[in-house]
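Participant: Quick one: this structure, given as structure tokens, is what I'll be asking you about.
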Protein chains: 2
Amino acid sequence: MLSHLSLSILLLNLLLVSAQTYQRLGACPTLGCVFPPDQTDFLVGQLFDIRLEVHAPVNGTEATGNTTPNETFTLCIQKGKGNCVEAKKYFNLKSEPAVEKWNFTYYEDLFAKDEGKLTGVNVAAKAYRAPGKYQAKLSYNGGAKTVANWEVREPAKKRKAKNVLFFIGDGMTQPMITAARLIGHKSINGKYQTLMQLDQMEALGLQMTHSIDSFITDSANSATALYTGKKSTVNALNVWVDSSSDVFDDPKVETIAELFRRKTGGPVGIVSTAYIADATPAALCAHTRDRGQSASVVYEFLYNATSLDPRFDWPTSCKGPDVIFGGGAEQFIAGSGSHQGKDFYKEFQSQGYQVVYDNTQLKKVDTSKKTLGIFTTGNLAKWVDRNVLTENLKGQSNHPTGDKTDAVDQPGLKDMTLKAIDVLQARSKGKGWFMMSEAASIDKMMHALDYDRALGELLELDDTVRASIKHLEEIGELDDTLIVVTADHGHGFDVFGGADTKYLAAQTEDRKKRAAVGVYAESGLSGYQVAPGSSPTNQSVVFGAQGPNFPVQWNPRYAYAAGFGASPDRREDYIINEKGPRTPATKGSDGGYVANPSEHTVGYSVSGTLPTDQSQGVHSLQDVPVYAKGPGAEAFRGVFNSVDIFFKIADALALGKPSKRH
Amino acid sequence: MLSHLSLSILLLNLLLVSAQTYQRLGACPTLGCVFPPDQTDFLVGQLFDIRLEVHAPVNGTEATGNTTPNETFTLCIQKGKGNCVEAKKYFNLKSEPAVEKWNFTYYEDLFAKDEGKLTGVNVAAKAYRAPGKYQAKLSYNGGAKTVANWEVREPAKKRKAKNVLFFIGDGMTQPMITAARLIGHKSINGKYQTLMQLDQMEALGLQMTHSIDSFITDSANSATALYTGKKSTVNALNVWVDSSSDVFDDPKVETIAELFRRKTGGPVGIVSTAYIADATPAALCAHTRDRGQSASVVYEFLYNATSLDPRFDWPTSCKGPDVIFGGGAEQFIAGSGSHQGKDFYKEFQSQGYQVVYDNTQLKKVDTSKKTLGIFTTGNLAKWVDRNVLTENLKGQSNHPTGDKTDAVDQPGLKDMTLKAIDVLQARSKGKGWFMMSEAASIDKMMHALDYDRALGELLELDDTVRASIKHLEEIGELDDTLIVVTADHGHGFDVFGGADTKYLAAQTEDRKKRAAVGVYAESGLSGYQVAPGSSPTNQSVVFGAQGPNFPVQWNPRYAYAAGFGASPDRREDYIINEKGPRTPATKGSDGGYVANPSEHTVGYSVSGTLPTDQSQGVHSLQDVPVYAKGPGAEAFRGVFNSVDIFFKIADALALGKPSKRH
């Protein structure tokens, strides 16, 4: 599993290097920058920082001749139709914050990059800590103005939900859910005999996932939107990205987990099938523009950001979530991967945590205690490998203790989520709890073009939602729990037909192999709900060892044929990768990625559409689905922006209501 | 436009030739066939036929040695827990229907096809006309049984909606709507300043589009599901496909338009940007297993199916819809394309229709009269060509009168729909009306991989929904009108990034050209909402000549990059096809399709994933969105099957309620 962690980090580096170059600074198209930027919405009382910057480009198309940034810029804040009041007065500061100065360089476009022609920018900046609601006006360069409108939304007056169980299917789209239904559920004459749990939720919505400064998002940026109600930039966790080089000094904003802690004092849970410092779990507590700061992310689970940021104490934090379950032992084992090289298992234990390393231990935890469960290095094993192709668990040297044995007793999302409910319930003492549970490898396996494993993860998520509803009902909490299931972004996956895998393998020419794809009527019926050896039109339902709601077999002769428009070069045969997750592309002779020659060798070769420095599939634009059930669910109906999810959850918990706590 | 009609018909032929061969007969996996098949749901009083078949395979894997089909099969019908009553008695027939006999052949799989090894089947069959609700049990071959469960759904008791305006965006998916929003609407710092009309509807749902016997549908089959509440087979219009060779004798089922006519007597309207005999408009009135029977489809708009079916009089029909607006003059001009070579303009006039041929005439119609508007041969021109690249309207020789001049004065979907509302309103005399309005070329342009034109059609649909709401409000009918917008199936389209089209064109190597694609942060912001020449980060909104809700420019330097997994070989440069709709692939030296060498010549070459006999993109699996507004809209929330749309509309109109009319 370690290989996947490395790949993710590599991908991030590539992004930073090749940023499309009309973006001097993503959320600042003018030379005067205000963060939070225009169009930002806040929950009443939500904490945040302000950052101002004035840019003086030294060369390039925006250069004015004056290469010294104006340092006498001013900020005034206006409430409603009132006067615009000088920031120092408005915030009741003894003195103006000091002006900070730095410079940075960037490429203006791909031609400039090819020529190595950098554009330089000199910067003067200030920072404020500023709770409130305003119109902010930055005046700079003797007359230029940048205006940012910030809206503070009317808070809900009454708490509807005691508990919130927030599921994120990372990278999950409706086309994937449709495909998962096709392979996991039986249909007779066009009528499904069983349905996905997601199909049966009370409320259905769709959310827009785009970034503040690019229409395609990553998981850090999109998690920031979901948890804080603020759009940000690719790779950023709960900050707006300024142009300084420090990755911890960017202006911060408070997350739903921090707010929930501060306002209610209730317990918080974080569950993920990824390494626990990965973007989606990280974004509940961490504040940095660089999601790759894994050690600091784990630090911020336990302690606040004060010692990381050179400028301000950050006055809020997750204060040690009551449950943390996932992978990523690298950030806990003392060594190069952990914060200051410390043993973070011990750090957590010193803060009162019990620590567990496998599913057997997980089953026996003392639910009254804060619990840390780290079950592997890197990401957790995939559902398909844990349940069907179990040989793939061996030879990984991925035990979370770092003893180089194999983590063969890993829990699944369902095991972790149900146990987390029990711990949170035991620790909440009636205050209610908040949990985020992430099916991380829908995304990771879609990146790898390993559609079968991705759909296995999706079916596991669906099964976990189903089991959670049942468990909440059993413990009498269902009616008090708002359950929300959504994604953070998509991949352009869809099923376009069937494939006769036997015929495909039997042909020798690539163009003839393509004849094995059956479209329209020739797509036929799902072969995944038929017991191996029997006819695809056999109507008897035979479930596999994994129970209902999963395929009866994973390698039928008539498989689904799927793909997306954004791919590296690769080979396709529509057969499940039996030896573990797929690696579709490897480095070729020109230094770029080409189809992995040792994979899917009976398949046909397909050329890619992505830059050849991309080894995997990429995220896509499409709106992603939102499902909700329980008190407050009706608010999740219809089409809305990703940031609205934060406000809908905060409203269900009445987190905007003035409280006696802090 | 004629070329597109021809392409569609070619596509159909290919489908019939290469049917995936485990399907002896799609909806009949056993040797005894009952149509309607198991799992069929009916509205109370909805008319339908029954067809029974007993198959005796002569050779192949299902051969039993007995090549003579059993002719002494029997059918009994059981209501609830009652006795199973012999069909003759149940239907009160004087005698059993005569046994019919025929045979057919098919390939069992692709290997058999390559070897030319046909499997033969001898058939004995019977047909009944049978309204009611039942469990049907077919006994054959001295003991074998096929049981079909038919459910008659509880009808709504009260009519909620006076009028129904049913929009179909053919092939439209949520990823396409997201892309249309990106190019048609302005966003600032991640917040859209305007939204699609679809984003703002009262109710949001998702529907499953699969066929009865294949998981990918075509538009005939899916329209049948939407209009009758019955799943069927690819290419079928309102029939279940039996194995006989006659394309008009398959068992029929009554459509929403026929029911509305029969039960309420109110006026019906059909509007499409396709040729009017195309599947989606055809399926309101026609009954045939072959959507390619265009002449007969037009015949069935005006007359009932009696003279087409050798067996039964069909007792219901559309009785001449009050409005028919679209293309497809070929079926009206006397000649080889029209039914029995007759002049169908005259046929319609003889039934009291006024006929119009262009937008100028359309504006002046007498709204008190039945109106036929045929505006071109083939499909209507695309929104982009009618509004932006108008030179493309010339040199088409497509005038609907057949005079070989160009149809340069074609109306758009909005012109047709608003005028249709006026005619229906004038003719309804308070009874209420039903209209289907189709944006057909979302699908047609997605097939051609002409994403820009497809999104133009989608934005036109959205603009038409917006304008219809406004118009209905103005005439005082909005509160009485149920508006439903959905699709019939998808294409696996998604946007995966941006493309620097200037950089792409400037590179000479294919692999270097791919570097022009910008993913994640490099996708940047939409270039389509920026006036030509200004910066993509310019915040001032400048609308183009076409008004708001459309792109300001269609060929920005920084374009969106999109595609799907199911494609023929093609070239991609992400620049709009300026000379008219795209033709991505042409015949290559091996007889299969290869990338069109004369198209997008600055682009890079991408190999396809589809069989090389496919010249275009194909349909996909994903659930498609449903939007509703008005009385009855709440029923369209959540996830459901395509067939449920029929029942939800029928319920809003209370069509299942016993009425005094026939």
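Just so it is clear, glycine is given a Cβ too, placed from its N, Cα and C backbone atoms.
Heads up, TrEMBL stuff is auto-annotated, nobody curated it.
Look at TrEMBL and you will find B:1-19 tagged as signal peptide. Residues or ranges marked as Mg(2+) binding site in TrEMBL: B:Asp170, B:Asp278, B:Thr280, B:Glu438. The Zn(2+) binding site annotation in TrEMBL covers B:Asp170, B:Asp443, B:His447, B:Asp488, B:His489, B:His619. For B:Ser219, the entry in TrEMBL reads active site, phosphoserine intermediate.
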Participant: Tell me the coarse DSSP state (helix, strand, coil) of B:Thr280 (Mg(2+) binding site).
Facilitator: helix
Participant: Counting across all protein chains shown, how many other Cβ atoms sit within 10 Å of the Cβ of B:His619 (Zn(2+) binding site)?
Facilitator: 28
Participant: Looking at the binding-site residues listed here (B:His447, B:Asp488, B:His489, B:His619), whose Cα lies nearest to that of B:Glu438 (Mg(2+) binding site)?
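Facilitator: Spatially nearest to B:Glu438 (Mg(2+) binding site) by Cα position is B:Asp488.
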Participant: Considering Cα atoms only, can you say which of B:Asp278, B:Asp443, B:His447, B:Asp488 is the nearest neighbour of the residue listed as 'active site, phosphoserine intermediate' among these binding-site residues?
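Facilitator: So, spelling it out, the nearest of the binding-site residues is B:Asp488.
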Participant: Whose Cβ lies within 8 Å of the mean position of the Cβ atoms of B:Asp170, B:Asp443, B:His447, B:Asp488, B:His489, B:His619, the Zn(2+) site, other than those residues?
Facilitator: B:Gly171, B:Asp218, B:Ser219, B:Ser222, B:Ile442, B:Met446, B:Ala487, B:Gly490, B:His491
Participant: What does DSSP say about B:Glu438 (Mg(2+) binding site): helix, strand or coil?
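Facilitator: It is in a strand.
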Participant: Go through the binding-site residues B:Thr280, B:Glu438, B:Asp443, B:His447, B:His489, B:His619 for me and flag any whose C-beta is under 8 angstroms from a C-beta on chain A.
Facilitator: B:His619
Participant: List the Cα distance (Å, whole number) between B:His619 (Zn(2+) binding site) and B:Asp278 (Mg(2+) binding site).
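Facilitator: About 16 Å separates the two Cα atoms.
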Participant: Closest of the binding-site residues to B:His447 (Zn(2+) binding site), Cα to Cα, picking from B:Asp170, B:Asp278, B:Thr280?
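Facilitator: Of all the candidates listed, B:Asp170 is nearest in space.
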Participant: Given the binding-site residues B:Asp443, B:Asp488, B:His489, state which is nearest to B:Thr280 (Mg(2+) binding site) when distance is taken between Cα atoms.
Facilitator: B:Asp488
Participant: What are the sequence-distant neighbours of B:His489 (Zn(2+) binding site), meaning same chain, six or more residues apart, C-beta distance under 8 angstroms?
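Facilitator: Looking at Cβ-Cβ distances below 8 Å from B:His489 (Zn(2+) binding site), excluding near sequence neighbours, one finds B:Gly171, B:Thr209, B:Ile216, B:Thr217, B:Asp218, B:Ser219, B:Ser222, B:His619, B:Ser620, B:Val624.
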Participant: Whole-number Å distance between the CA of B:Asp488 (Zn(2+) binding site) and the CA of B:Asp170 (Mg(2+) binding site)?
Facilitator: 6
Participant: Round to the nearest Å and give the CA-to-CA distance linking B:Asp170 (Mg(2+) binding site) with B:Asp443 (Zn(2+) binding site).
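Facilitator: Given the Cα positions, B:Asp170 (Mg(2+) binding site) is 5 Å from B:Asp443 (Zn(2+) binding site).
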Participant: Measuring Cα to Cα, how far is B:Asp278 (Mg(2+) binding site) from B:Asp443 (Zn(2+) binding site) in Å?
Facilitator: 12
Participant: For a quick check of packing: other C-beta atoms within 10 Å of the C-beta of the residue listed as 'active site, phosphoserine intermediate', how many?
Facilitator: 28
Participant: Among the binding-site residues listed here, B:Thr280, B:Asp443, which has the most company in the form of other Cβ atoms within 10 Å of its Cβ?
Facilitator: B:Asp443
